[in-house]
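First up is the structure itself, then whatever we jot down about it.
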Amino acid sequence: MCIDIRHGPLGPVAIDDVRSPRLGLIPLYDDARAMSTPIVDAPRAIEGGRIGELAYAGATDYARVGRGKTNPDGHRPDLTEPHAYEALRDGRLWTWGRNERGQLGHGDRTTRGAPTEVRALRELDVKCVSVACGKSHTAVVCSNGDVYGFGSNKQGQIGCGTMKKVMKKGDAEDDKLTPVKALVANGASVSCGGEFTAVLTRDGEVFTYGLPQYGQLGHGTDHEYNTSASSIKIVYEPQPHPKRVVANGFGERKIVKLSCGVNHVACFDDAGKIWTWGFGGYGRLGHRVQKDEFAPKMVEIQGGDRNLCPADAVIGAGSTSTFVSALQGQLYAFGKIKTTGDNLMYPTPFMDLQGWVLRDFSAGNVTFAACAEKSAVTWGGGQYGELGYGPKGKKSSANPDLVPSLEGKRTYAVACGVGYTLFLVDKEDAKDLPRFTPAPDDEPGKKVKAAPAKGPVAKKQKK
C-alpha cells in the first residue's frame, strides 16, 4: 500500500510522495512492491515487498478543522493515537476528503468520508506510481510515464495547456472533475505546491506549471503584469503549459528527489547538491536572506562535500520550512521550524535527530514527523491529537518525541496534514492497532459553511 499527500492551510494541498499533506484530500494506492518516492528510476521496493497498513491520528471531522461549524451532538471524536484503516489491496488510486473542486477525481463534488477508488484511472488501464495533492488539485504519474491531473485548473496547475479565465465573481471555475492528461511525458514522480505542479522525469529533468507568483516555477520570472494603466492591480499570469526548469545551469543537472512547499521547491541532484527556488520568506530557501528566487539556486552547506545528499536522502518542503538529510545521517533544517524563536536562514544541523538513518520525513504546517528503524517521532502543534501521543499524551511538543503505540513497529512512511498525521506501518506490526471506521460520504450537493473568522484575520477582513 502506498500513500502520498501534501500540506497547506485548508482543503487538500500538494503531496509530493509521502511528504507534507493537507486536510481534505488523501490519495491512496496499493502496491505490494512499490512506494511513491521521488526518484528518477522505477519506484523502490519496500522492505522486500511487504504491504503496509495506513494508520491515522488526529481529527476525523473535515468541517471542524480550521473551517466549518458542526453539531456538537454529531461531532466525531479525535483519534489521539494511531488507528489503522482497513487495508486496501487493489493496485489502484483511492481518494477521500473534501471535494469542492473535484480534486478527488470521481466526476462530482461530493465529499468522501471513506477511501473511494478513482474509477476513471482504472478505465484507462494505468497503474499509478506517484501521486501528489495541491490546495485543490491532484496530480498522478503512471507506470508508462503519463501524467494526469484533476481538480482546480484556475492557475493552469493541471498542465493540460489550456485554462478558463474567470472574469468576474460568479463565473464558473475551470475545474476538472475527472483525470485529464498533462502535456508532459516520461514522468517518474510528481510533487504539488498550493497551486502549482512539479514533475520529475525518468531522465532527471524537472517540469513545472501553474501559479508563478513567487517564482516557484523556476523559469526566471514571476510572470507579473499590470491589468490597468494605473498599475494598481497586479496579477500573475498562470502557466498551463509544462515547461522544463533549466536556468542557472540547473538543466545540466540530473535531479534525484524533489519536494514542493506551498510556494517553494527543494530538490537535490545526483552529485548530492541541494537546489531551492520560489518564496523566500522565513529563510525557507536556505540562502541566508528572505528573498524570492525566480530560478533554481544551489544551497551552500557548511562542510561542503562532507555534507552531500546521498541517493537515499530524505527531503521535505513544508509550508514555511525545508528539511534534508546528508551523509552520516545528519538532518539539516532551514526556515521557520517553530512558532517561537528565530528563523533558520541557512541549513542548520537538527541535533534532535542526529545520527538517525531516516526512512521518511514530513514537514507540514505546524507539525513534523519522521520514521527510522522501528520508531516514529512527531513534534509541533497537536490540537486534534495529530502527534499520536495517546489520550493522556501532551498536545504539543517543541522537540521530537516517540509515538508510543508505534514504538517497535516498522513504519515505512509518514505524512503531516492539517489536523492529522498518517503513518504507513508494516502489515504484521499493525495488527494490534485499534481500527478506524471512516465517516459516511456527504449527501451530493451538500456544502460546508465556513466558520466566522476570528482574531487578526477577522480584523483584516473588516478593513
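Residue numbering: from 1, along the chain as shown.
Heads up, the Cβ atoms here are built off N, Cα and C, so glycines get one too.
Just so it is clear, the model here is predicted, and its values are computed rather than measured.
TrEMBL lists region 'Disordered' at one of the ranges 278-308, 371-401, 433-463, namely 433-463. In the predicted model, residues of the repeat 'RCC1' (204-271) average a pLDDT of 92.
Broken down with DSSP, the repeat 'RCC1' (374-427) shows 3 helix, 27 strand, 24 coil.
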